[in-house]
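Peer 1: Mind looking over this structure? Questions follow.
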C-alpha cells in the first residue's frame, strides 16, 4: 500500500478506481454493519492513494475487504472524492492505511505531533501526523459532536487526534467537512468511533445531498440560470448532485392537489424526515408572507411544517418534511440552497460594513 506513485493522470483515471464503478452491493458482512465513508483528497493525494497502475488501491481492497475508489478528474478542480465502503473495521483500517500511504509518499512536509501523548507506538512514522478530510452529512453532525461536545471530546481523548468540523455546508450539498488529524493509529481509532456513530444514527442521513467538486464558475452560472428560470415559473432542471440525482421542477396538477391528507399519509412511498435550522435563519426560508416556503413546497411536492419554538438548547427549530424520497430530496436541496443564499447575503453585508468603517 505504501508504494510511491508517479502521479500521472493516466492512473488517476483508471476505470477500476473511480467512484462511479464502486459497487458496494457485493461486500459481504463480517459481523459489522456496512458503512460508506467519503473524504476529500487533492488530485495529488488521489494519485498517491491509487498508486502506479492502481497498485496501492488494489492492495488496500485486498487487505481490508473494502470497496474503494476516487472520483474522476475535473479540469480546473483540485479536489476529488474518495469513497470507501465495507465493514466498520474494514473502513477504519482502510483509512489508516491511506494515512500511512500519504505519510510514506509526502506531497508536503509532514506535520509533527502537537502532543506527546498522541498514540504513536503502533505506526512506523514516530508520531508524524496525517490529515483526513471526512465528508459528513449535516444531519449527522450532532451525532458525531454529541451533547455539549461530549462525543467529539471522547473521540479526541481516546484516539489522540485533533478534529475540526467546518461550520458551513459544502456548495450544492448538505455535507460538511470534518478534519481528522493525528497519527496512523489515531486515525484508525477515531474513524472507528465516527463510523459507529454514523451507523447507530444512519436514519438521519436520509436525503443527504452529496458533495460533488465542480468548477466555481460553473456552479455560479447554474445557480443564476436556475434562479432566472424559477422566477419565470418555467420548468427547470437544477444542478446534478454527487449522488447522480437530477432535480426537476415538480408540476402539481389539479388531481394531485385534490388528494386528501389521509391518502397522502397512507401512501407507502411517503417518508418523514426532520432537520434542524438555526432560528435566525427560519425567516429567510419562510419569506415575506410565506412566499419562499410556499414555493419550496410547490417545487418539491413535499409537505413541510415548521416548529413554532426551538426544540432544544441549541436554539434551532425543527422542520418536518413529508413526501416521496425524490420529493424530499428536492425539498432538502431547495431549503439548503436558500440557507446558502442567505449566508452569502449576510457575508456581503458584513464586508460592505467593513469597507465603510475603513473609509471613515
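Residue numbering: from 1, along the chain as shown.
Cβ atoms here come from the backbone N, Cα and C positions, even for glycine.
Below are the features I grabbed from TrEMBL:
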type     : residues : note
COMPBIAS : 15-32    : compositional bias 'Polar residues'
COMPBIAS : 221-241  : compositional bias 'Low complexity'
COMPBIAS : 242-265  : compositional bias 'Polar residues'
DOMAIN   : 33-103   : domain 'K Homology'
DOMAIN   : 128-199  : domain 'K Homology'
DOMAIN   : 269-340  : domain 'K Homology'
REGION   : 1-32     : region 'Disordered'
REGION   : 106-125  : region 'Disordered'
REGION   : 218-265  : region 'Disordered'
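Locate each feature and note its surroundings.
Peer 2: Applying DSSP to the domain 'K Homology' (33-103) sorts its residues as follows: 37 helix, 22 strand, 12 coil.
For the domain 'K Homology' (128-199), the model's average pLDDT works out to 92.
Shown for the domain 'K Homology' (269-340): DSSP residue counts in helix, strand and coil, namely 37 helix, 20 strand, 15 coil.
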